[in-house]
Each structure stands twice: as C-alpha cells, then as structure tokens.
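A.B. asks: Dropping the structure in here first, questions after.
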Amino acid sequence: MVFRKPPDGGWGWVIVVVSFFTQFLCYGSPLAVGVLYLEWLDAFGEGKGKTAWVGSLANGIGLLASPVCSICVSSFGARPVAIFSGFMVAGGLMISSFAPNIYFLYISYGIVVGLGCGLLYTATVTITCQYFDKRRGLALGLISTGSSVGLFIYAALQRELIDLYGLDGCLLIVGALSLNILACGSLMRPLESSESPPPEKTCVDKVPDQYFVYHGKEKTVEENISILEKGYIDEKCANNIPDHKQDSILNKNVLSSINVNEKETYKKKVVEQTNFCKQLAKRKWQLYLNYWEETMVLFKNKVFSALFVAILLFDIGGFPPSLLMEDIARSANINEDDYHVPLISIIGIMTAVGKLTLGILADFKWVNTLYLYVITLLMTGMALFAIPFAKSYLTLAMLSGTLGFLTGNWSIFPYVTTKTVGIEKLTHAYGILMFFAGLGNSLGPPIVGWFYDWTQEYDTAFYFSGFCVLLGGFLLLLAALPCWNACTNQSSKLPPNTYSYKVASSA
C-alpha cells in the first residue's frame, strides 16, 4: 500500500482528536485501577500481592505484546484494529463485573482489557504518524495526554460510580462508555493513495517462473489431445478405417502421452516446490539469525545495556504508586474529610503536565536528554523513599504530584533511545525496551503487595522501590559519563551507531 505525503493538517487533526479520546476511554480505567483495587481487596479477601496482579497485568500486557500489536496494525490497518479492540476493552470491563473470584479478573480485566489497550495504543500512534510529519511531535504529544487526562477523570468517576451503583455497576457503566471507542475508530480513515500501484507480491507469491510453466504444460497436454482427436478424425475420414479400430488406436496413443507427460510434470513440480520451500525456510531462518545478531550488537553498547536495566527497574519501582497510592492513604489512617481530590487523579494530571514540560525541554539544543532522563530517575527514587514518612493527605498529595510529573519522562524516552542507538536501529531497540518496561509494570505492584503481606506495612516495600529506581539511574549515569566513555574508547573502538557523549550533548 502506498501512502500519500502526510498532510500535516486537514483530516489529520480529526485523527488527533479521536486518538486522544481513544486513549482517554481505553486507559482511563486501567490507569485509575487503584480505586477498584480497594474494592477488590474487600470483595474477594485476597492478599494485596495477589490482588495487585489484576492492575499490573492490565497495564503491562499491552507493552509485553507490543510486537504482536504492531503486526496486527500493519496487517489489517488502524481502523479495523481500533474497532475490534474497542469491543475487547468494553467487553472485558463488562464481563469483569460478573467476576466470581480474583482469578477470573486476571483474564477478563488483566489480559483482555490490557491487550485491547495495547492494540489501541499502537493503532492511534500509527495512524497519527501517517498523517503528520513536520508536526508529528506535537500531534503525538497531544494524543499521549489522553491517557493522563483519563487517569485524572476516571479516578474520581469510578469512585462516584462505586458509591452510587456499587463495584459491579461501576464496571458496567465504564464498559458502556468504552463503546465510544468504536465511533472514534470508525473515523480513523486510512491515508491511502488514490492511484496506488498493485500490491507487491509477497515472498510466498514470488515463486520461480518455472513453477507456473507446468500449469501451461498441463494445458498443452489437453490441447494436444484435442489436436490429435481432430487430426485423427480427418485421417479416418480419408482412409475409411473402421471406427472401433480407429478409436482404440487413438485411445492408446492419447493415454500413453497423457501418462508420460503427467508423470514428468508431477515430478518436476514436486522438485520445484521442495526447492522453493527449502529456500523460503532458509531465508526465514536467516532473518531470525540477523535479528538476534542485531540484538547482540545493541547490548554491546554500554549505554543501551544500562538503559535496558534502568527502564526495567524504573517500572518495577516507579509504577506501583499509581496503583497503590489510595491504599497507602487508607493504611496511614488519613481522615476522609481531608481527602479532597483522589491521589490518583493528582498523579494523572501531573503526568500530563510532566509529559508536555519534559517534551518541550528535550527540544532545546542545550539540554542533554540522557542526563535529563537520569535526573528524573534519581528524583523519582528519592520521592519513593519519602513515601513512608508521609502521614498526612497534604504530604501524600505533594508526593503524588511529584511522582506524576516525573513519570512524564515517558515523553522523552524515545529521544533518549534515538540518541543511544541511532535512528536506524530505533524500532528494534525501542521494541526490546518496551517489552521489558511491560515486564516491570507487571511485576512492580505484586512485589510491593507481597512486601506488605509479609511485613504488614508499606515502608519496606517503598524502600525497595526507591532503591530499584536509584540503582537504575546511577547505572545509566555511570555508563553515560564522558570519562567512562574515554576510558573504554582506549581499549576498543565504538561500533557504528553507538552512543557517544558528543552526539548526546547536542540533543
């Protein structure tokens, strides 16, 4: 499929609006799952670690399945995937209202809703990139705030719906609201060329021409039969040979010619098909080998290896507050009269502010995006260490705002990845990093919950979380220091497209 030049406007702004609302509708409930988490604790009576798996799966499964999501969008297009995923999200939320136990929620809410969100995220980003080139950064920044605004609104909305209609009614209403994704998806008109050339043949279709010759040979056999019949009938009329003798001679000649030609044709066809399958399998195997070779080359880059560890540890330690902050406030025995705004709502709105602010800072030439990202990691670690000392709503609200703002460093993560591995390897590297980010999202809340089940308090859990984030930040800082690069460059020369301090300093 051939796409026209991105218009950077026009219907593209409609795409931005519907993509914003798509992320708002699909990510609102999973990101604000901390409100539901409290209700599930009371409803099923399971441990905090086991219950936390529901929200962690809903937020991590989309990242873990990002390669599959990309393949689906590339194969079927953004609009069909968005409509199908809308049914997944809405259906998963509605079915979750009938969950008899926590294990049912692992499937209905964790996997079904989480996978639907992952598909919708890939679809919205893909269709937006097709419609924008010069203003792509602005367009992606606008649609990415949809999830943060959804977190802000859904935290208060779900709490109000629970008070009015109970947990089951809340999930049914939120699921019904998610059906609006279908309307948004139907507006994601693909940017196709009106005079596009016919699609190129796939590898399977690109069979050697000799393979198709045999079909022609089979047809020539039939033609030869008709020619023989016609010629022999003429000869029969000329020589006045009896009909039954002529027919027997004709049948013998035709049958013998058919058997010989069919056997030869079949043998040649089998040989050609076998050779083609072997070549196709060899080509696929070579692609897999190349993929793993490129992956090993990436991990030879010190900064990329440190970035891989940092993103994994950051999501293990930095994601749990957005899920567990409401339970932290309840465990601290904070008076409900002082509870003006849900803490998760504060995290959501400050995440949107952080995405926009850090994204703007990354565009300045004098800002080193890698060091900016390291600063956000170190500050996040210190904020996590401060959570056990927060015993009032005001201090928890301030820490929630700080953590939300620093979590906005997701907006500069693609910049950091590009400066680390180069634009040529961005897709490969970013896919690997997103997989481990999803792994961290899935493991973080259950680990914190298990710490609580073990110690009956959150202090040890958030000391562990802060240590993880600080460790990742310090490792990344050490790998990016110019003195470290200078020492390693004396022993070995950097391979092409690897990170260097001089390149990153101009980010």
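Cβ from N, Cα, C; glycine included.
Caution: TrEMBL annotation is automatic and unverified by curators.
Pulled the feature table from TrEMBL, pasting it below:
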{"type": "TRANSMEM", "residues": "12-33", "note": "transmembrane segment"}
{"type": "TRANSMEM", "residues": "53-74", "note": "transmembrane segment"}
{"type": "TRANSMEM", "residues": "81-99", "note": "transmembrane segment"}
{"type": "TRANSMEM", "residues": "105-125", "note": "transmembrane segment"}
{"type": "TRANSMEM", "residues": "137-156", "note": "transmembrane segment"}
{"type": "TRANSMEM", "residues": "162-183", "note": "transmembrane segment"}
{"type": "TRANSMEM", "residues": "303-319", "note": "transmembrane segment"}
{"type": "TRANSMEM", "residues": "339-358", "note": "transmembrane segment"}
{"type": "TRANSMEM", "residues": "370-390", "note": "transmembrane segment"}
{"type": "TRANSMEM", "residues": "396-417", "note": "transmembrane segment"}
{"type": "TRANSMEM", "residues": "429-452", "note": "transmembrane segment"}
{"type": "TRANSMEM", "residues": "464-484", "note": "transmembrane segment"}
A.B. asks: Cβ pairs under 8 Å with the transmembrane segment (396-417): which stretch of 53-74, 162-183, 303-319 has the most?
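C.D. replies: Looking only at 53-74, 162-183, 303-319, the most contacts with the transmembrane segment (396-417) come from 303-319.
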A.B. asks: Take the transmembrane segment (429-452) and find every residue of the same chain, 6 or more past its ends, with a Cβ under 8 Å from one of its Cβ atoms.
C.D. replies: 47-53, 55-57, 59-67, 70, 295, 298, 304, 307-308, 311-320, 323-324, 413-414, 417, 420-421, 458, 460-462, 464-465
A.B. asks: Can you see whether the transmembrane segment (162-183) and the transmembrane segment (12-33) are touching - at least 3 CB pairs under 8 angstroms, only pairs 6 or more apart in sequence?
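C.D. replies: Touching, yes - the transmembrane segment (162-183) and the transmembrane segment (12-33) meet the threshold of 3 or more Cβ pairs under 8 Å.
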A.B. asks: Find the member of 12-33, 81-99, 370-390, 464-484 that has more C-beta pairs under 8 Å to the transmembrane segment (303-319) than any other listed stretch.
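C.D. replies: Looking only at 12-33, 81-99, 370-390, 464-484, the most contacts with the transmembrane segment (303-319) come from 464-484.
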A.B. asks: Do any residues, 6 or more residues outside the transmembrane segment (81-99), come within under 8 Å Cβ-to-Cβ of it, and if so which ones?
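C.D. replies: Sequence-remote neighbours of the transmembrane segment (81-99) are 22, 25-26, 29, 72-73, 105, 108-109, 112-113, 115-117, 119-120, 122-124, 167-172, 174-176, 178-179, 181-182, 184-186, 188.
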A.B. asks: Where else in the chain does the transmembrane segment (464-484) make close Cβ contacts, counting only residues six or more beyond its ends and a cut-off under 8 Å?
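C.D. replies: That would be 302-303, 305-307, 309-314, 316-318, 320-321, 370-371, 373-374, 377-378, 380-385, 444, 447-448, 451, 499, 501, 504.
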